[in-house]
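Inspection log for the structure reproduced underneath, given as structure tokens.
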2 protein chains.
Amino acid sequence: MEKMIFFQVLVLCSQLVGLLGITLIGVWMGKYLGGFAWDGSDQQFNLHPLLMTVGLIFLYAEAMLVYRVFRNTTKIYIKCLHGMIHLLALICAVIGLKAVFDNHNFNGITNMYSLHSWIGITTVVLFSLQLLCGFVSFLVPGVSRTLRASYLPTHVFFGVFIFGMAVASALMGITEKLLFTLDNYSDLPAEARIANTAGICFLVFAGIIGYLVTRHDFKREEVDYEHEPLAMD
Amino acid sequence: MEKMIFFQVLVLCSQLVGLLGITLIGVWMGKYLGGFAWDGSDQQFNLHPLLMTVGLIFLYAEAMLVYRVFRNTTKIYIKCLHGMIHLLALICAVIGLKAVFDNHNFNGITNMYSLHSWIGITTVVLFSLQLLCGFVSFLVPGVSRTLRASYLPTHVFFGVFIFGMAVASALMGITEKLLFTLDNYSDLPAEARIANTAGICFLVFAGIIGYLVTRHDFKREEVDYEHEPLAMD
């Protein structure tokens, strides 16, 4: 039982540090960079960091966690929840991408040249493919259990790896934005401290989530009456 | 046996893409940013990206791989090799850090303000602690097997996580350096293409290495005559 208390404490810490990261991004964009709009302006750009981190960091992690948090719920419900949260994450990401492309086009800024953009777009594409493959393999009826079982470890590996890519993209994005907007980054004004701290929050969040979803000790125990024991732990 | 051929192909791919990434960093620093020196100048800075990526990305990965590549070698030798490669990685990292601090102090540039530096230094500190804990737990005689066994999963998790941090730090470092040195990054001159491609190489390298060292299928099988079956797989 002690193991499950440790698990719960880690889940709680992950939620606190993840939400702190998102809040700091919101404060950075909302208070220091002029707030939000949908008119092609820099206020539309500001939706990009917020929506990408809400979608591909926070919601992504929540979707991975559901298998281990709702340990006593029938697996088919958890599978659906896992898929739906990921779908919500994808919607956030698509709107977040639209925000930055609109803003670049509005201002005549070149799209897709930076390493952040190369890795970021790859992350979204891989995430979409992973969602599609997961849906076809684990939710569409008729797929053989052998096929599902053989795909599962690959699905789980790419799930964690793409999450890592999303966090790395966010850290590069924070770096880029600070260098573009601050002349005095090296003086560490409040804005820089807030953005750097958001980055640290996402890194710690990634660490705790990575531990929670890969640690064997925290695996969901299969319940006898379930006949679909193949989705993520 | 087919499984082991797949394993070997992946190992080969990892080496090629990893060495390509390091080579591109070398070309970027050597050809486009003035080469190398040890005099506080920007040529000393240039040793920083090269040594950090050689140490904390390439050698780090090699050290993790040895358990799975040398499957039939007695484990105590592999443990020593694992530790020695990590020690070499740490030496590279320390010289790489000295290079950037010397250069900053020489030019009156503030140290340790960027998110890259915050996460980078944390990576080196955690890497050093991990090396120390690994040495004390798995190489110093007299530590109980129960203690070793209970620490092993934590050692393995942090090993992979700190490696991920090193890759994220490198990607942020590449982003920073490009934005500091190029006025026309958005035109994607050769220098930018080389540096971006190095970043992509490190990401792909991280993906393959992550897969190789976490996939259960590739686990080393313990040999009967070994009495120390506790280090990484």
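Every residue, even glycine, has its Cβ placed from backbone N, Cα and C.
Since the structure is predicted, the reported quantities are computational estimates derived from the model, not experimental observations.
As recorded in TrEMBL:
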- B:7-30: transmembrane segment (TRANSMEM)
- B:13-214: domain 'Cytochrome b561' (DOMAIN)
- B:50-70: transmembrane segment (TRANSMEM)
- B:77-97: transmembrane segment (TRANSMEM)
- B:117-140: transmembrane segment (TRANSMEM)
- B:152-174: transmembrane segment (TRANSMEM)
- B:194-213: transmembrane segment (TRANSMEM)
Taken over the domain 'Cytochrome b561' (B:13-214), the model's mean pLDDT: 97
Leading stretch by Cβ pairs under 8 Å, where the reference is the transmembrane segment (B:77-97) and the options are B:50-70, B:117-140, B:152-174, B:194-213: B:50-70
For the transmembrane segment (B:194-213), sequence-distant contacts whose Cβ falls under 8 Å of one of its Cβ atoms, 6 or more beyond its ends: 7, 10-11, 13-14, 17-18, 20-21, 24-25, 27-28, 32, 53, 57-58, 61, 64-65, 67-68, 159-160, 163-164, 167, 170-171, 174-175, 177-178, 188, 232
Positions whose Cβ lies under 8 angstroms from the transmembrane segment (B:50-70), at least six residues beyond its ends: 7, 11, 14, 18-19, 21-22, 25-26, 29, 36, 77-78, 81-83, 85-86, 88-93, 95-97, 99, 120, 123-124, 127, 159-160, 163, 166-167, 169-170, 173, 198, 202, 205-206, 209, 212-213, 218-220, 231-233
